[in-house]
Every structure is written in C-alpha cells, then in structure tokens.
C-alpha cells in the first residue's frame, strides 16, 4: 500500500512538472486570459452542494471497500460531474460517460493490442501514443468534429484513452481484463448517474420544503 501511494505521488509530481513546462512553452495569449478573468463564476446552490457531498461520500465508501485504484479513477469521473455548477451541466456530464469513458477504454484496449501488451518496447509505445494523439488533435482543431454535442470531446477522449492504456500496459504481457473492468465500472457510474438524474429533482424539491 505504501509503495502504491509513493508511485501515485511520484506520477502526480512528474505530471505537474510536465504541465508547467507545457504552459511555459505554449503560453495562453493575454487577450484570452483577460476574457477568462472577466467571466462570472456561476454560484452553486447550497442544496446542490449538500447532495453532491453525499454522492461523493457514498461513492468514496463504496469504491474504497473494493480497491483503492478503482476508487481514485472512478471518483475522478464522479467528482468532475457532480461538482458542476448546475443541474443542466450535471446532465451533460453524465451523457458524456458512455461516449468518452467507455469508448476510451475500448480504444485503449485496441492500442494495447497494437503494442502486443509489452510496455517495455519504448519505441513502439511512443509511436502508438504519438500517432493516436496526432489523430485526435487533428479532429480537435478541424471543422470535422467527432462530436459537436460534447464540448472538448476530442481532448476528453484522449485523456479517457491514454489513462487506462498507460495504467494497464505492463511488461508482464497481454491482459484485456483491466480494460474490460474499467469499462464496466464506467458503465456502472453511468447507470447510477442516470438514476441520480431521476432522483435529483425530487431531492432538490424535498430540501426546499424543509
């Protein structure tokens, strides 16, 4: 367990350094920064905050009782959805789980098959990641969007694909199990989230009557 958390902190630290380097190499134009600073931050209702806290807490207890690794990556999806500013944004986030997270798992499985499950082949691994990233960035910056209904779909798909691909492609060989389990977990989150869509308006009205 200690080794797992050490590896997690090490990866997080390296990602922070990489992100800092990318922002330094590709700085945001001044006009875009000023326009973002002038944007008004949407305020969440106290009721929605309470419900979001309950959902995150219950999800944390459930996933931690199974496996720490599943808890971290499944919770990241749940938190990114339930912490959105309003009910409409939450619905959009839930609708993106299947086309983004589940599809990303199966695309990652295809990439895993291309490298034959051998993560120690750095050249092949780099070519696969670079080639897939180029294709995604092409659609992200062209008029031929893969999906116009989901904002930043291409970038989200890139993250949803590379996360399981880099996590489950090891030097130990070919294994499709982790990819299938992650896709199943995302499907469960989608199902529970859909149930939440039905129950959330009722919860909001119940809290307001209290």
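If you go along the chain as it appears here, the first residue is 1 and each next one adds 1.
Placement of Cβ uses the backbone N, Cα and C atoms for every residue, glycine included.
In TrEMBL, annotation is done automatically, which means it is predicted and not curated.
For 6-26 (among others), the entry in TrEMBL reads transmembrane segment.
Per TrEMBL, the feature transmembrane segment maps to 47-64 (among others).
If you look at the transmembrane segment (97-116), the same-chain residues 6 or more away from its ends with a CB under 8 A from one of its CBs are 77, 81, 124-125, 128-129, 132, 147, 150, 153, 156-157, 159-165, 168-169, 174, 176, 179-180, 182-183, 186-187, 189-190, 193. Positions annotated as transmembrane segment by TrEMBL: 97-116 (among others).
Under the heading transmembrane segment, TrEMBL lists 122-140 (among others).
Listed by sequence, the residues of this chain that lie at least six past the ends of the transmembrane segment (152-168) yet keep a Cβ under 8 A from its Cβ atoms are 73, 96, 99-101, 103-105, 107-108, 111-112, 129, 132-133, 136-137, 139-140, 145-146, 175, 178-179, 182. TrEMBL lists 152-168 (among others) with the feature transmembrane segment.
As annotated by TrEMBL, transmembrane segment applies to 188-207 (among others).
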